[in-house]
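Input: a single structure, listed below in C-alpha cells.
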C-alpha cells in the first residue's frame, strides 16, 4: 500500500508477521498424515481391485485358466482387506478415533495376516520356479507366483505404512484431545 507521494504506510512492509498466530504443530501433522493415509488407501484400493479382478475372472470362468491362473487361497481372505480401508476413509473427515483404531486392528488381521499366509503358501512354488525354472500357473503369460509375490511386496509396504501413519495420526489426535482437557 504505497501512496503516490511520500513514504510507505507503516506495517505494510511485511514486518508485521511476528504478532500473528501460528497453526499448532499437531494440526499441521494431522493434515499431512491424513494426506499420506489417503494416498495409501488409494494405492491399497488399486491393489485390492487387481486381486479382486483376478478372483472374479477366475471364478466366473471369463477366460481360460491358461490365461489367468486360479487364485491362491490367501487371495480370498485378502479380499476382506477392503474393510480397514473403508474404516480409514470414514475416520479421516471427522477425526474419528474409534474408526481409526478399528482400521488399524483390522488392517493387521485382514491385510497383514493373509499376506503372511500367502508368502508361506506360495513359497514352495517360488522355490520350484527358482531352482528348476518351471512354472505351472500363469497370468497373461507370466509366472503367477512371480506376479503374486510382486503384489505381496507392494501390499506389505502399503499396509505397513498405513498402520505406521495411522499410529502417528492417532498420537497427533490424542495430543489435541489432551490439550483440550488441560484447558
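Note that Cβ sites are derived from N, Cα and C of the backbone, with glycine treated the same way.
Per Swiss-Prot, the feature topological domain 'Cytoplasmic' maps to 1-39 (among others); the stated evidence is sequence analysis.
Annotation comment: Swiss-Prot describes 40-60 (among others) as transmembrane segment, evidence class sequence analysis.
Outside the topological domain 'Lumenal' (61-71), and at least 6 residues removed from its termini, the chain residues within Cβ reach (under 8 Å) are 51, 54-55, 137-140, 144. Sequence annotations record features per position, and here Swiss-Prot assigns topological domain 'Lumenal' to 61-71 (among others) based on sequence analysis.
What Swiss-Prot records for 72-92 (among others) is transmembrane segment.
The feature topological domain 'Cytoplasmic' is assigned by Swiss-Prot to 93-99 (among others), with sequence analysis given as support. Away from its own ends, the topological domain 'Cytoplasmic' (93-99) comes close to residues 30, 87, 170, 173-174, 176 of its chain (Cβ-Cβ under 8 Å, at least six residues beyond either end).
Here Swiss-Prot flags 100-120 (among others) as transmembrane segment.
Panel annotation: around the topological domain 'Lumenal' (121-137), residues 69-70, 72-74, 143-146, 148-149, 152 of the same chain, lying at least six beyond its termini, place a Cβ under 8 Å from a Cβ of the stretch. The topological domain 'Lumenal' annotation in Swiss-Prot covers 121-137 (among others), and the record cites sequence analysis as its basis.
Residues annotated as transmembrane segment in Swiss-Prot: 138-158 (among others). For the transmembrane segment (138-158), the residues of the chain that approach it from at least six positions outside its boundaries are 40, 43-44, 47, 50-51, 54, 66-69, 72, 75, 78, 111-112, 115, 118-119, 122, 125-126, 129, judged by C-beta separation under 8 angstroms.
Among the features that Swiss-Prot reports, topological domain 'Cytoplasmic' is placed at 159-183 (among others), with the record citing sequence analysis.
Distant neighbours of the transmembrane segment (100-120): 44, 72-75, 77-78, 80-81, 83-85, 87-88, 91-92, 148-149, 152, 155-156, 159-160, 162-163, 166-167, 169-170, 173; these residues of the same chain sit at least 6 beyond its ends, with a Cβ under 8 Å from one of its Cβ atoms. According to DSSP, the secondary structure content of the topological domain 'Lumenal' (121-137) in residues is 12 helix, 0 strand, 5 coil.
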